[in-house]
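A.B. asks: Feature list, courtesy of Swiss-Prot:
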- Ser25: active site, schiff-base intermediate with substrate (ACT_SITE)
- Tyr58: active site, proton donor (ACT_SITE)
- Thr57, Gly73, Ser74, Ala75: substrate binding site (BINDING)
- Ser25: pyruvic acid (Ser) (MOD_RES)
Amino acid sequence: MQRHMLKSKIHRAAVTHCELHYEGSCAIDEDLLEAANIVENERIDIWNINNGERFSTYAIKGERGSGMISLNGSAARRAQLGDLVIIAAFAMVEEAELQAGWKPKLVFIDEGNKIKGHRDHVPTQTWT
């Protein structure tokens, strides 16, 4: 059996560009792509923390070290500059891989879209 699992997540990225008349996609700083194990042309889901929008597109490389998160084409209508987004990619994973310890790559970034940490799991949510 295969399960559809979270593979990669870039958490709380700030949108730096919106290019309505670009061909489409989301350009992401190449450093962030590599850290999250997202490859060019891979399908990604984007969840806008500011307005609740959720949509899918594909990743393209943005300039390395730039902090770029550019929503292009129709995706540019789903966010404003400075909105915080979560970028996620999923994979089909065999049950045996899960049992062997398969883990996602979660990347946490700061206000300038620079990497501040990594994790391989989402902590158990508790009441506060």
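For all residues, glycine too, the Cβ spot is worked out from N, Cα and C.
Distances, neighbours, how buried they are, the whole picture for these features please.
C.D. replies: In the three-state DSSP reading, Ser25 (active site, schiff-base intermediate with substrate) counts as strand.
All chains included, 16 other C-beta atoms sit within 10 angstroms of the C-beta of Tyr58 (active site, proton donor).
Ala75 (substrate binding site) counts 23 other C-beta atoms within 10 Å of its own C-beta, drawing on all protein chains shown.
In this view, Ser25 (active site, schiff-base intermediate with substrate) is surrounded by 19 other Cβ atoms within 10 Å of its Cβ, with every protein chain counted.
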A.B. asks: Of Thr57, Ser74, which of the binding-site residues has the most Cβ neighbours inside 10 Å?
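C.D. replies: The residue with the densest Cβ neighbourhood is Thr57.
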A.B. asks: Measuring Cα to Cα, tell me the gap between Gly73 (substrate binding site) and Tyr58 (active site, proton donor) in whole angstrom.
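C.D. replies: A Cα-Cα distance of 11 Å.
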A.B. asks: Please report the number of other Cβ atoms within 10 Å of the Cβ of Gly73 (substrate binding site).
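C.D. replies: Taking every protein chain into account, the count is 16.
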